[in-house]
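Q: What TrEMBL lists as disulfide bond is 390-416, 466-489. According to TrEMBL, the feature domain 'TIR' maps to 682-825.
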């Protein structure tokens, strides 16, 4: 009964999308997969509709997350009314699973662009005539599981764009469709039904008898009367019927005969009979005679094994080509065989989701039936099978799907020989664990092209010896426990290899060449390096997404000459020089399609670049080219050395550097001592000790440059400030104590002066007693250490360990000399009246 609105969306999607991946299987289920990539023009539409298709529930029960306001999901909110102030650009609105009882005429008047409306599972009893008059673009309307009682459908007037309508599981007393249904010119999907007891007459479906529909689903669980020929009024490709729970053979005969008479696909649900199923058997026997159905689907069957096979035997001898049974509950298993002696057109048999209530039966009663089915395509999925016997001799199996079972370790068709036609074998989700047995099993399958053993527990030891059929083209090994050793156990004929989500950490370099391999999928593993193309020379598609790759070598792209699709998304990239070249090559190679670029390629480290797109990651050539960096450093050092040598030779640069260093050190000492240097009792900025032979330099150079200018300093000289009558020693001590610094003008004459040495001795004594730095030595002329007499050991010691200021002969350097000296002497002196008289 339930078909998805997504069928229509698929049709529209594959006409409009901008990047199509077509997976086309042959009608006989040959398992051949052709992947073609076509560039078109509407990528946004793909993303929009893919979200719709993936999240769409049955009967258009949508479950969306809001995207820019065009999709609103208000399901499961316990709403009693439609929310107000909905944005006018909303296209998909989900109000299902609420408690809405009434729809006002203004509720959807603000939504002229609305395309899909889901009001299922509410308490709506009636709808006004003009409730959707504004919603001319509405294409999908779901009103199922409400309390509607009238099928006149006057609220459908004006919905010419409506393609999907679901009014099933309501409280209709009759299914007489009103004239409004005749105006639905675009309608393709119609679902209707009632949870009340109803009768079905020809007049009920008259309004849609002239419409060519794609799918009609009718819930007739509580049907009490049926007029023969009623269903024949429908024109639809697919017909779904939920059968009535009745033992009335005549009613079932009339209805099923009509149901089998026209659609290509017929789906019958709700078949239940615990012991006596004769009413169904009789009805099917008569209905099959005039059947035009090509594919028959049973869903939700509950009966014993014997009754099921009897129904299959009836269909076996008909012109039907395909039988599918979903959600089957077998109450009891009885020995019975399929009647294979009559001519049958059946090509495909599917059995999915089986529950066996009988726990004590002979397993062969089931397996022998399956093995005897002479069909081309057989599917026995999620049936809890633990074993499977070899097919009978002369079988025609081309396609076999045994996925979702619980096969024992002894399964693997080891001794089966009759595989003359098998091309596709699917054994996914079967809890298989031996990879070697899988490979050896295929040896007798001489034309097998596609093998799917995904979602198992396959493992492989070291140094395996594998044997494969030479015809295998596609192999799916995803979601297993395989490691690197699997590469030594692969068939050389393979073209498409899927090993996503295993435990592979690297691709060995010494593996056998897989020259036929065109597509390799290694996503979700533990790869830290990319595989080399030397073993896959014809590789066209490579997926290594969600691994542990830190960088992508540009050599991969260059060596894989035939590679046109690459997926390296969602890896923990380390954004260093190794990725710089890859990003550049990606921009240059327009023929290479990089899946997920750029949003799925981000830096994981270093921390400061985490989350940065590789597209926006850039490093300069200097950062990545060691040779270039070395050349630049060497050139810079060479130039700096030459410039320094020239400056030292022509501009006396060392002297300037020495002076600047002294000035800087003086400033630092002044800042440290600022506020802590005691100035009480100080009268002079400096006491100058010099030889009389150097008095000319002192009076013409030193005194004018220190005592004159914007900030004059007070200088103490013996000829000006020595007090007559006092001893020379006493005057020297007094001047030193009253001065902030003591300047000694050192020259050959200074060395020969006895009094100059006295002054130096007393000044040095004060330095030691006060632990201060008060001595300043000015060297007028260079004096080698050996020329200083040994008796003047204190001067020699000071000259050896204390920094002195050298008087420059070049007048251009005098300015820096005086600036340095003034900075050393700079201090604020506050004089008392008594001290002022001393100046």
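The backbone N, Cα and C atoms fix where each Cβ goes, glycine too.
Just so you know, TrEMBL annotations never went through curation; they're auto-generated.
Walk me through the surroundings of each of these features.
A: Cβ contacts within 10 Å of residue 390 (disulfide bond), excluding its own Cβ and spanning all protein chains shown: 15.
Under DSSP, residue 489 (disulfide bond) is assigned to coil, being neither helix nor strand in the three-state scheme. Taking Cβ-Cβ distances under 8 Å and a sequence gap of 6 or more within the same chain, the neighbours of residue 489 (disulfide bond) are 435, 436, 439, 460, 464, 466.
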Q: Can you count helix, strand and coil residues in the domain 'TIR' (682-825) using DSSP?
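A: Its residues divide into 82 helix, 23 strand, 39 coil.
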Q: Across all chains shown, how many C-beta atoms besides its own are within 10 angstroms of the C-beta of residue 416 (disulfide bond)?
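A: So the Cβ neighbour count for residue 416 (disulfide bond) comes to 17.
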Q: Measure the Cβ-based neighbour count of residue 466 (disulfide bond), defined as the other Cβ atoms within 10 Å of its Cβ.
A: 16
